Every structure is written in structure tokens, then in C-alpha cells.
Amino acid sequence: MAPALTFNVVEPTSLPHKGGVPVGDTKLRVKEGVETADGKWKDFSFQSIRESQVARAMARRYFSDLDTYAESDIVIVGAGSCGLSTAYTLAKARPDLKIAIIEASVSPGGGAWLGGQLFSAMVMRKPADKFLSELGVPFEDEGSYVVVKHAALFTSTLLSKVLAFPNIKLFNATSVEDLITRRDESGGIRIAGVVTNWTLVAMHHDDQSCMDPSTINAPVIISTTGHDGPFGAFSVKRLVSMQVIEKLGGMRGLDMNTAEDAIVKGTREIVPGLIVGGMELSEVDGANRMGPTFWRYGALGCQGC
Ligand code: 48N
């Protein structure tokens, strides 16, 4: 028979209140409950809580994080497979660095929750399998490539590892709306941080006025916002509109055998303070797209960051 599990059982009771605030001894009587032999829990209630305790627990931590990461060492823009792999690689190699990840979507992961054409399986070309082994993501070995049975298994595993690092903070549902710029000694532009706003706000500047943004200062920005699209290629398009770079090369047609090497080996600082990687880089260099194969640019290309 399974050993009896014990857990706190809160006897249903109402807390005395005065003006809506619990008064007196709010320690509720609890008694040990046991899991019955047939594995069913019985006669238990959840511990009581006041709504304001929940509100304060969330707000206190979020605003403390905003204060802490207002000055970051690195900001990663975009938490797709590239941004997350980059964050993992950097946080592991440099636990001393404060890394903020800004992700426009509520759900980080970008295009890596599914394979191609909404199929589940994710194909990665070797040597990306080394990164999967490091993360502990199981895969089928098909010779020159490997297959993860569901892309979400990779992305959720990577995301959980990234979020577990004490020197990383993910700000999701938050958009980078602009870049902070400085003039360097030669009069050229250096990127010195990002301008942020809630994504839902960023999407309504056309119909609401005066919703000014906030900022995060950092000496290094790594932009991995994906290829062009509703959200994509944000930073490189902004560099063009600021006339910091003349024009974009524009992503080329699909060629799996050239695309990944071009992206992973081409990752670099585009302008002082701004590194571009992942499919956003294909828009700068006019590299081919790679279709439904995923690489570990962050793991391979960012080790030198
Ligand atoms: O997944 P993506 O779009 O980008 P990558 O480079 O991490 O991965 C690319 C990969 O998913 C492919 O495109 C595959 C290989 N297909 C290739 C092909 O041939 O089609 O992630 C970018 C992330 C997304 O989560 C966006 O929401 C986010 O960046 N993002 C932003 N976050 C904050 N502020 C912004 N301005 C912003 N723009 C995009």
C-alpha cells in the first residue's frame, strides 16, 4: 500500500475582519490530513489568503525587477529559439552578468513551438544535437540530423532552464519600441539600451496618444526578433529608419544548406553596442531562409559574445 502522505488540512473557518482587513490571530487551525489508501485526498481545503496578499506578492516582485534591470549588462530582444539559446549560453558562461530578455508576446518561444507547417516534430541538423544533449531533450538520431518528437518539448525545456538562471529576467508581453542611442567619440552611433512599452500599448499608438515608454540601459543589446513580419526584424529596420545603416539585404529564398551556416557564422555586432542574430540577421545580409530546420545559433554563434 502507498505510504500515507500527510498535508495541511485547513478547517473551514471565516477570518474575523475589521474594515476589510483580517484581525486577531489569523493562524488557522490546521490538522494533519492523510491520503487515503486508495490515493484519494479527502476533507481538505486550501489555506486561506486575502486577495491583497496576492496583488502585493506580484506587484512587489515585478517592480523590484524593473528597478534591478533598469541598468542591465545585456538586453536580448526577442525570446525565440535564438534569443533563448543565447540567453542560456551567456547566463551559463557569465553568471556575473545581469541579462534582461524583452519578449513582445505573452508566450515566449517565437516560431519554435511547432516544426514546419504546424507539424509537431522539430528537425535539427548536427551538431545542434550537442545542445539538446546538454539540455536533456530526448531526440531520435537520423544520421546527419536529429528529430525532437515535439518542438514544444525543446522550447519548454530550454525556457525552463533559462528562467531558472538567477541572473536572467524575462519581461514578456513587453515590446522594444525603439533603441537608446549615443554619439561615440568619432561621431558615430552607439546603441546604449532599449525603449520599452507593454505590447498592448505599443499596438495602440495609432489610436491612443501620449502613452510614453520606459527604458532599459545596457552596453550590449542582442537583437533576435526574427525575419521580417508583423513583429520581425525590429532593430535592423529601426537602424535603417534612423539612417544608421543604408538598407537591408532582405531574406532570400529557402536553402537549408547555406542558411544555417550563414546565420550562425555571421552573427556579429552590426553597429557598436548592437549584435544581431537568428533570422533577423538574414534580413541584414540577404541570407537564405532555412525553413523548418532549427539551429542552436545561440549555443553555437553566441559563445564568443
Ligand atoms: O522565432 P523567432 O521569430 O526568431 P528566431 O531567429 O529566434 O528563430 C527563427 C526561427 O523560428 C525561424 O524563423 C525558422 C527557423 N524558420 C525559418 C524560415 O525559413 O521561415 O523569434 C523572434 C521573437 C518572437 O518571439 C517575437 O515575438 C519577438 O522576437 N519580437 C520582439 N520582442 C520584443 N520587442 C520587439 N520589438 C520584438 N519583435 C519581435
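A Cβ is built for glycine as well, from the same backbone N, Cα and C atoms used for every other residue.
Predicted, not measured: the structure shown is a model, and the values here were computed from it.
Summarising the annotation, TrEMBL assigns substrate binding site to C82, E103, A104, G111, V176, D212, H227, M279, R289, M290, G291. As annotated by TrEMBL, 2,3-didehydroalanine (Cys) applies to C210.
For V176 (substrate binding site), applying a Cβ distance below 8 Å and a minimum sequence separation of six or more within one chain yields V77, I102, A104, V194, V195, T196, T225, F234, S235. Using a 10 Å Cβ-Cβ cutoff, R289 (substrate binding site) registers 15 neighbours. For the pair C82 (substrate binding site) and the residue listed as '2,3-didehydroalanine (Cys)', the Cα-Cα distance reads 33 Å. In the three-state DSSP classification, the residue listed as '2,3-didehydroalanine (Cys)' falls within coil.
Annotated pair the residue listed as '2,3-didehydroalanine (Cys)' and H227 (substrate binding site), C-alpha to C-alpha distance, rounded: 30 Å. Maximum intra-site Cα distance, substrate binding residues C82, E103, A104, G111, V176, D212, H227, M279, R289, M290, G291: 37 Å. Counting every protein chain shown, 14 other Cβ atoms lie within 10 Å of the Cβ of G291 (substrate binding site). The recorded positions listed here are C82, A104, C210; among them, C82 has the most other Cβ atoms within 10 Å of its own Cβ.
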